[in-house]
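Note sheet for the following structure.
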């Protein structure tokens, strides 16, 4: 991407950077009686039983940012449950839908979770990539991160990149860059598809199911009343040359990502020729993509 275009996209330098509070920065948008905030607003739990699940969303919208959250998934038999962490624009449902997804698909005891990722841009999705994790995500908290800047989207787990979706508008691939999005998370039941394609159902005798969140952190451009909190200024490139706005994967992080993809990736849309009999999506033909 040319520097001039990049400058026009990433107006800076008044960036929101904070360790967030679940009291101050989020609210429950459904299942209010199945969620709780504690530890002075630093921690939050979502509960799923036969009556309801729960979800929360950020009060602010963001257009580009780096967002981290620590999450401990439902332990034991979590088959049929889905825990999510994603960016989404409520008003963007329809032909110009934008979304950046982490979804954690539960499984029976002793079987691994599936980490499902997807990117929607200008209404185009179908970019699923799935992974197993190299640790037990139910035993302790782990950090899941979304980096979204004008050049790329990077999904990371404990600082290790697992996926990069580059801005390839130059070859006609839509990239989410115009619609601000909110942060969402939820715990819900989807046993018609979540585990083994819906063949394994939720065992409600194991309820309630609990997913725990803590240490939300955002470093991003907040959006309010049609304007970004980030402001254009001369010389800004030098002042933020090491920030998330310019962040890309160096050789070491690319090597880590290759290790994950070689050993833990279970599905890649770019290798699913049966799903795309008339040709894979354009980005799949670009070297080192996604």
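Yeah, the Cβs are placed from backbone N, Cα and C, and that goes for glycine too.
Curation plays no part in TrEMBL annotations; they are all automatic predictions.
The domain 'GH16' annotation in TrEMBL covers 16-213. The average pLDDT computed over the domain 'GH16' (16-213) stands at 94.
Counting every protein chain shown, the number of other Cβ atoms lying within 10 Å of the Cβ of residue 99 (active site, nucleophile) is 19. What TrEMBL records for 99 is active site, nucleophile.
Per TrEMBL, active site, proton donor is recorded for 103. Of all Cβ atoms in the shown protein chains, 19 besides its own fall within 10 Å of the Cβ of residue 103 (active site, proton donor).
Listed in sequence order, 78, 79, 113, 114, 195, 200 are the same-chain residues at least 6 apart in sequence whose CB falls under 8 Å from the CB of residue 107 (N-linked glycosylation site). Under the heading N-linked glycosylation site, TrEMBL lists 107.
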